[in-house]
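Heads up, the thing below is written out as structure tokens.
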């Protein structure tokens with residue numbers, strides 16, 4: 001073992017945080033927080049879902065991603081409450097999640113959540129491997145942010161085109177290449193113990209991506225211009241070069257990468273900021289903690305503590321105490337847009353640094369700050385509510401999230417309540433006065449995102465204190481009627497009956513499109529046969545039709561003279577993607593021969609209960625590819 005590697009092992013040996021766990025025992029079930037936060041990433045999955053998928057309201061989606069450029073770019077995570085796969089925040093989220101395992105692997109293991117966590121991270125790293133189609137080519141985004149944000153519906157039935165955008169040596173993107181290199185390098189470390197070949201593969205791609213990022217420099221939004229309104233890299237790319245270099249050093253023990261990181265530090269503005277924190281855009285605050293531990297250099301230690309002091313008790317500058325804004329309720333508040341994600345990020349940095357620093361007063365200071373802020377998010381706040389969906393007291397019920405909401409009409413007001421529980425995400429959070437409204441339309445305060453939960457997940461691991469995870473979690477959601485018919489009587493007399501029927505696809509477990517839906521209308525022709533006529537004499541005609549074919553009457557029970565007409569929408573795509581897209585109407589008439597006064601609908605199975613008002617009826621059963629999916633059939 002080299003001296004340098006021995007030093008590295010001494011610095012980064014996994015340690016039980018017994019002091020933290022025993023000190024911060026509380027009424028909060030931290031492992032439940034951790035369990036649900038991890039599950040959130042499963043809800044964000046794009047692509048072909050495995051049999052192990054635990055959410056019955058999520059299905060395959062984005063299966064043609066990359067088809068426009070001739071590559072398989074399926075997989076990865078949807079960014080937030082939308083369905084774009086933005087490369088920069090996805091890579092950041094994966095890197096931070098891997099870092100939480102690096103720091104708190106033992107906590108994940110003891111909580112019996114390590115496998116779940118690794119599974120979520122692997123979903124992202126698998127995608128990065130697909131997106132890295134050449135040493136100097138990486139597909140940095142799939143989906144048009146503008147088109148995506150203009151539609152409100154479940155991921156499984158997205159109707160818009162999803163173009164792919166790349167970076168290469170002709171049009172580079174240092175931020176996303178270096179950030180992805182960091183995610184893959186960190187991934188190679190945490191997977192080495194359980195899957196060494198996979199870890200080696202991740203490391204190979206990490207090296208290539210970092211070399212690409214370093215050699216061909218440029219801001220990625222100059223090439224992936226579609227990302228600019230959503231994830232512009234305001235901090236530039238130097239911070240990602242530092243961050244990526246550190247993780248490659250940790251993964252390889254190659255001094256070259258540490259030297260590259262330290263060289264990039266010299267390109268960082270000399271007046272190192274201390275009034276912000278880590279984010280998808282700024283990875284300097286993460287990097288300086290790792291550099292403090294690796295190098296023990298005074299500049300990194302002082303900069304880290306200056307930042308953590310600013311967030312906690314205050315930093316003395318020129319005889320004046322500088323401190324972040326605190327809400328009346330005690331939240332360290334940086335910015336309105338996703339206020340809690342910044343606080344969660346700062347808390348994670350405090351946990352990590354407190355676990356390393358030897359000064360007991362500083363250790364206590366940073367731990368106290370981190371745990372208080374975490375508890376604020378879990379319920380210790382003036383609103384007396386949890387800010388984690390599906391957890392605690394009075395949690396958010398209306399997060400800004402398309403698939404969880406489950407609209408069928410391309411409207412965030414329909415339905416009035418979410419159809420699905422999106423367990424685990426941290427919502428944006430309150431304003432500087434602790435005020436918050438649980439409003440689906442408020443994407444500033446009530447959206448969720450993969451980057452919001454990354455460090456927050458680590459906080460759950462940092463404070464885990466021996467509780468047990470929830471058994472049989474998540475519960476399987478009860479499926480509502482997904483396909484059904486509403487019908488009304490337009491006219492009815494002794495010569496004919498005219499019915500208005502609307503076939504609906506409001507599927508959500510999961511949402512899905514169908515081009516093979518049909519329904520049947522059953523009649524009893526006893527009175528027709530009694531008059532010497534047969535089913536062949538009954539006319540079935542469409543008065544108004546949105547694409548269906550009507551069958552002649554077909555025998556169902558000859559002995560009872562029960563027949564049906566099948567209204568078949570085969571070839572017509574019906575899916576929960578808009579007001580006119582999720583339903584199809586037909587008006588049809590059943591008529592006695594030659595206008596004879598022998599028609600009597602009162603004994604018809606499907607006529608029972610119908611009025612002049614539209615209503616759902618189980619007596620008009622619905623079929624998909626010939627299989628009954630709604631309603632009941634007449635007894636034979």
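Note that Cβ sites are derived from N, Cα and C of the backbone, with glycine treated the same way.
What Swiss-Prot lists as signal peptide is 1-25.
Around the Cβ of residue 82 (active site, nucleophile), the number of neighbouring Cβ atoms within 10 Å comes to 23. According to its DSSP assignment, residue 82 (active site, nucleophile) is coil. Annotation source Swiss-Prot lists active site, nucleophile at 82, citing sequence analysis.
The active site annotation in Swiss-Prot covers 400 (among others). A strand conformation is recorded for residue 400 (active site) in the three-state DSSP classification.
Swiss-Prot lists 438 (among others) with the feature active site, giving sequence analysis as the kind of evidence. Non-local neighbourhood of residue 438 (active site): 396, 397, 398, 446, each in the same chain, at least six residues away, with C-beta under 8 Å from its C-beta.
Swiss-Prot lists 447 (among others) with the feature active site. According to DSSP, residue 447 (active site) is assigned to a strand segment. The 10 Å shell around the Cβ of residue 447 (active site) contains 21 further Cβ atoms across the protein chains shown.
Marked as domain 'CBM3' by Swiss-Prot: 478-635.
In this structure, the C-alpha atom of residue 82 (active site, nucleophile) lies 9 angstrom from that of residue 400 (active site). A 10 Å cutoff on Cβ-Cβ distances gives residue 400 (active site) a total of 25 other Cβ atoms nearby, all chains included. If you measure from the Cα atom of residue 400 (active site) to that of residue 447 (active site), you get 4 Å.
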